[in-house]
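**Q** Annotations for this protein, taken from Swiss-Prot, read as follows:
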- 1-229: topological domain 'Extracellular' (TOPO_DOM)
- Thr8, Gly9, Ala10, Ser11, Ser12, Gly13, Ile14, Gly15: NAD(+) binding site (BINDING)
- Asn37: N-linked glycosylation site (CARBOHYD)
- Ser171: substrate binding site (BINDING)
- Asn178: N-linked glycosylation site (CARBOHYD)
- Tyr193: active site, proton acceptor (ACT_SITE)
- Asn229: N-linked glycosylation site (CARBOHYD)
- 230-250: transmembrane segment (TRANSMEM)
- 251-341: topological domain 'Cytoplasmic' (TOPO_DOM)
Amino acid sequence: MRKVVLITGASSGIGLALCKRLLAEDDELHLCLACRNMSKAEAVCAALLASHPTAEVTIVQVDVSNLQSVFRASKELKQRFQRLDCIYLNAGIMPNPQLNIKALFFGLFSRKVIHMFSTAEGLLTQGDKITADGLQEVFETNVFGHFILIRELEPLLCHSDNPSQLIWTSSRSARKSNFSLEDFQHSKGKEPYSSSKYATDLLSVALNRNFNQQGLYSNVACPGTALTNLTYGILPPFIWTLLMPAILLLRFFANAFTLTPYNGTEALVWLFHQKPESLNPLIKYLSATTGFGRNYIMTQKMDLDEDTAEKFYQKLLELEKHIRVTIQKTDNQARLSGSCL
C-alpha cells in the first residue's frame, strides 16, 4: 500500500524540491500537492509524473491564509483518503521584509557576525496585515491555517498501530524574544516571521504531548538560507548573484547557507525516513552545507519549555472555538438571506 504524503506549498521553493527528492528516493509514494495556485500545481504535477511515471501525484487546492479554504480542502481530503502517513507543513510567507542596514553594518564588525548571518537575528523586519478571517496574516498562514488543517485531518492521522508524522518547516530565526503568549499573533511587533516560527516550534512540542499516544508525532526542521521566492523578497536575484562569491566563502564558517532548495530539504527528507517515535520532540533538525558543498544534518535544542507550549496550544484551541462559532454564524446568516430571496 502506497504511503500518502501531503505537502503544503508544494509548487515552488523548498516544497517543490521536497517533492522531487522524495520521489527520487521512492517513486511508489502518493504525493498530494496542497497548493493555492492551481495552474502552478497542475504544471508541477505533470512534470513530476513525467519524470516518475510509477508514482501517484494528486492536487488539492488550499490557501492556509483562508480558513474557509482550509475547511474545504480538509473535507475533500477526508473523502479521498483513509489515512495520511505524513504532512509537510511547509507553506509560509515573509511579507515586505526590510533589511536593517545599520544592524548589518555593525554586525559585520562584531563577534556575532557568523551568528548574525546564520539566523538573520536583528537584520529583518516585516510588514503584516489583517486577513479576511480577522487574523494577522503571517500568523494565520504560517501557524493557524496549518493548525486547523491538522485538527480537521485528525481522523486520517491518528492510528496508534502505524504512526503518522507532521514535519514543520521552521527556521533558525525562530526566537523566544520575538514571541509573547499575550500577543501570539504578533500584532504589536515588527518581526512576525520570527514569532510565527517560534510558535510552530511550540506547537510541535504541544502536539507531541497531546497526540503521541494516538500515533501522531511532530518534528521541526530548518532548511537554512536557500534561494527561493522568500529570500528573493529580501534582496532581488541579481544582488544575491553579486553576493554569491562572498557567501560561498562565508559558508566555510556558517553552514546555514544551503543556498539551493535541494540542499535545504536535507533535514526534511531525513526526518521522513526516521521512526518518528525515536526522535526527540525538543530538538530542531537543521539542514547544513559545508564550504565544499556537502550536505549534512545538525541538531539544536529548542529554546522553549513544555508548559509554555501547552499554554500556547490551549490558546489556539480557544481561538479555534471562536473562529468556528463566527463561521457558523456567518453561514447561518447567508442561508437566511438566501431563503428570503
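Glycine is treated like the rest: Cβ placed from N, Cα and C.
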**Q** What is the average pLDDT across the topological domain 'Cytoplasmic' (251-341)?
**A** 91
**Q** What parts of the chain pack near the transmembrane segment (230-250), using Cβ distances under 8 Å and only residues at least 6 beyond its ends?
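**A** Apart from its flanks, the transmembrane segment (230-250) reaches 13, 92-97, 99, 117, 124, 257, 259, 291.
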**Q** An 8 Å radius from the center of the Thr8, Gly9, Ala10, Ser11, Ser12, Gly13, Ile14, Gly15 Cβ atoms defines the neighbourhood of the NAD(+) site; name the other residues of that chain inside it, in order.
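**A** Result: Ile7, Leu16, Leu18, Cys35, Asn90, Ala91.
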**Q** Could you check what DSSP calls Tyr193 (active site, proton acceptor) once collapsed to helix, strand or coil?
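**A** Helix, per DSSP.
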**Q** Which recorded positions from the set Ser11, Gly13, Ile14, Ser171, Tyr193 come within 10 angstroms of Asn37 (N-linked glycosylation site), judged by C-alpha positions?
**A** Ser11
**Q** Can you tell me which recorded positions out of Thr8, Ser12, Tyr193 are within 10 A of the residue listed as 'substrate binding site' by Cα, answering none if there aren't any?
**A** Tyr193
**Q** Which one is closest to Gly9 (NAD(+) binding site) in space, judged by CA to CA distance, out of the recorded positions Asn178, Tyr193, Asn229?
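**A** Checking each of Asn178, Tyr193, Asn229 against Gly9 (NAD(+) binding site), the shortest Cα distance is to Asn229.
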**Q** Taking Cα-Cα distance, which of the recorded positions Asn178, Tyr193, Asn229 are within 10 Å of Ser12 (NAD(+) binding site)?
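**A** For Ser12 (NAD(+) binding site), the recorded positions whose Cα atoms are within 10 Å come to Asn229.
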**Q** Using the structure shown, find which entry in Thr8, Ser11, Ser171 (the binding-site residues) has the sparsest Cβ neighbourhood within 10 Å.
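**A** Output over binding-site residues Thr8, Ser11, Ser171: least Cβ neighbours within 10 Å is Ser11.
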**Q** Could you measure between Ser11 (NAD(+) binding site) and Asn178 (N-linked glycosylation site) for me? Cα positions, answer in whole angstrom.
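**A** Ser11 (NAD(+) binding site) to Asn178 (N-linked glycosylation site), Cα-Cα distance: 29 Å.
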**Q** Of all the recorded positions given, namely Asn178, Tyr193, Asn229, which is spatially nearest to Thr8 (NAD(+) binding site) at the Cα level?
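**A** That would be Asn229, nearest by Cα distance.
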**Q** Of the residues in the topological domain 'Cytoplasmic' (251-341), how many are helix, strand and coil by DSSP?
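**A** The counts are 49 helix, 15 strand, 27 coil.
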